[in-house]
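As written in TrEMBL, here are the features:
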type: TRANSMEM; residues: 21-41; note: transmembrane segment
type: TRANSMEM; residues: 61-81; note: transmembrane segment
type: REGION; residues: 95-115; note: region 'Disordered'
type: DOMAIN; residues: 122-246; note: domain 'Palmitoyltransferase DHHC'
type: TRANSMEM; residues: 167-194; note: transmembrane segment
type: TRANSMEM; residues: 206-228; note: transmembrane segment
Amino acid sequence: MHRSGTAMAWNVFKFCTALRGLGSIMILLVLGIVGVTYYALVLCNYGPALLAATGALDALVALAVLLLFHFLLVMLLWSYFSVVFTDPGGVPPNWRPDVDEERGETAPLSTTELSDTGSPRIRYCRKCNQLKPPRCHHCSVCGRCVLKMDHHCVWVVNCVGALNYKFFLLFLFYTFLETALVTLSLLPHFIAFFSDVEIPGTPGALATTFLTFVLNLAFTLSVLGFMIMHVSLVSGNTTTIEAYEKKTTPFWKYDLGRKRNFAQVFGNNKWYWFIPSYSEEDLRIIPALQGLDYPVRSDFDGQGF
């Protein structure tokens, strides 16, 4: 049994090391998929269609597709690189809780309760040798504790946590819109492959168009599933990791109602909801956006949801 456990730990370690090694490969893969999609939609199909359009309607449709595609592409890449390059949130050096998070007491915790040996009232990470703030979890891939960790995403080569979760959701949102647009735009061309109509274009361009349609259809369906899951998580103020913990807890203390739960991820300023950034006012008045301080449901008792 002991040898089996040791082997399992070793296998997990090698798996985490392999994920670290992916690094820029995944970023290049994402950019490669974007490049192939751009080539198929813009250079092989709708760019030439706009230039060769004989009617106003054909030109308008091609122009609309191209404009919308480029807008969504900019938002997708902006959100993507915001997730990649934004630190998800780490535990500040020598962080100590001011209150007993488990009991909700306002009295400062004693030194003995914050000892390195750990306490049933205080969460402690033995790998990082430090105390863990509420909703913080250790990431074996990053090798550190991450504030309000949701999961480690290989596509963004980063952890998704308190400080970049909104950017990740926007990346999913714009990826879904972009891939859905490409799928619908290339659908007539895809159907033409199975008809007797002669299709203009080189064999390479036709093969790229076919591949792009299949890839984008697959991404549309898969990302839609992820979006539905994360909308559910945001509405309940839960992370992917906490969703498993929540199953054993009849009362989830961080669920403040959908409106407040949404604000803890996207902020209150509507002008910033659809861009990977926060207003200075939201960062100042919503402590949860910093990843360390999360109000609980009892703080709002009697105020309604």
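Going from the start of the chain as shown, residues are counted 1 onward.
Placement of Cβ uses the backbone N, Cα and C atoms for every residue, glycine included.
In terms of DSSP secondary structure, the domain 'Palmitoyltransferase DHHC' (122-246) contains 68 helix, 17 strand, 40 coil. Long-range contacts of the transmembrane segment (61-81) within the same chain: residues 30, 34, 38, 41-42, 46-47, 49-50, 53, 156, 167-168, 170-171, 173-175, 177-178, 181-182, 185, 274-276, each at least 6 residues beyond the stretch ends and with a Cβ under 8 Å from a Cβ of the stretch.
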